Amino acid sequence: MYEKYSPYKVFTAQEWSQFRADTPLTLTFDEIKHLRSLDDPVDLEEVQRIYLSLARLLSCHVEAIQNLFQKRQQFLHQENIKKNPFIIGISGSVAVGKSTTARILQELLKRWAFNLKVDLITTDGFLYPNAVLQKKNRMNRKGFPDSYDIKKLLHFLSAIKAGISKVSAPLYSHITYDVLEDQKVIIDHPDILIVEGVNVLQVNRFPNDKRIVPFVSDFFDFSIYVDAETDMICYWYLERFKRLRKTAFQNPESYFYRYALLSEEEALKIAENIWRTINLKNLQENILPTRSRADLILRKGKNHLVEYVALRKL
């Protein structure tokens, strides 16, 4: 991946940690425990090693875009026009740790010196409702490109970039495994918006009439891909599944409640089949091919610890 003429500059975790400079750690261990996902053991040391430098880099990009915006306003003799949000996209496989990365970055950027308003959405809310997927016989393709209402997602991002106030985004429940039709999250003029999901770096196929259509990533000012060996992601997925059987799946309202009633051996066989026929296939066909489109790649090793960082050269 990182050949001689690669567009990326690669840093070991130790090298990357030096770029935090004197950036203070503003999160406590209890706050990090609250932010991380069930199966992600990220701790204070990992935040100091990786995420402080990343937050500092992102803040540099935000500040540079703000300076460019001000210079352009001077050039155009325009005043009192609000800068549109800086949008960060975060992609990667199921179970690789995208959500933890997104939440930690949100909190670190919120506490930056500029008192930025930082919002976070996931693209799960832009999945078609289960009723629609069932009607189209696509329930086993959840997370694949054709399971998302891309038109709705593009409309949402267009409104954000246009500076529209109080833009609503749909919410998704991991309990019912469905879009919450009667609940929305309101995004109102954030300084930074983080968009997290498996599909955010994917490109669209041209429609039959050959019209040019935008990609989700066209709206991003910076993009991150969370990466790891496929076998390791599979292991994390299965470990998460086993933990969820003992926690969230115990809820009778959970879509996956039936798995909690099975023996561990039976449930694990089902999880392995889901990984092989759905998540692995989606990773290989639709997610991994988008890795090279990211501005920065976080490459994880054992225990979800980042081993090296690849940053696209300017």
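Every residue gets a Cβ built from N, Cα and C, even glycine.
Taken straight from Swiss-Prot:
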- Gly92, Ser93, Val94, Ala95, Val96, Gly97, Lys98, Ser99: ATP binding site (BINDING)
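Sequence features annotated in Swiss-Prot and their locations in the structure.
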{"residue": "Gly92", "record": "ATP binding site", "contacts (Cβ under 8 Å, 6+ apart)": "Lys98, Val198, Tyr225, Val226, Asp227, Ile287"}
{"residue": "Ser93", "record": "ATP binding site", "contacts (Cβ under 8 Å, 6+ apart)": "Val198, Val226, Ala228, Ile233, Asn279, Leu283, Ile287, Leu288"}
{"residue": "Val94", "record": "ATP binding site", "contacts (Cβ under 8 Å, 6+ apart)": "Gly143, Val198, Ile233, Tyr237, Asn279, Asn282, Leu283"}
{"residue": "Val96", "record": "ATP binding site", "contacts (Cβ under 8 Å, 6+ apart)": "Val226, Asp227, Ala228, Ile233, Trp236, Lys300"}
{"residue": "Gly97", "record": "ATP binding site", "contacts (Cβ under 8 Å, 6+ apart)": "Ser37, Asp40, Val42, Val226, Trp236, Lys300, His304"}
{"residue": "Ser99", "record": "ATP binding site", "contacts (Cβ under 8 Å, 6+ apart)": "Ser37, Thr122, Glu196"}
Self-check item: Any further residue of that chain within 8 Å (Cβ to the Cβ centroid of Gly92, Ser93, Val94, Ala95, Val96, Gly97, Lys98, Ser99) of the recorded ATP site
Solution: Val198, Val226, Ile233
Quiz item: Around Lys98 (ATP binding site), how many other CB atoms lie within 10 A of its CB?
Solution: 24
Self-check item: Ser99 (ATP binding site) in three-state DSSP notation
Solution: helix
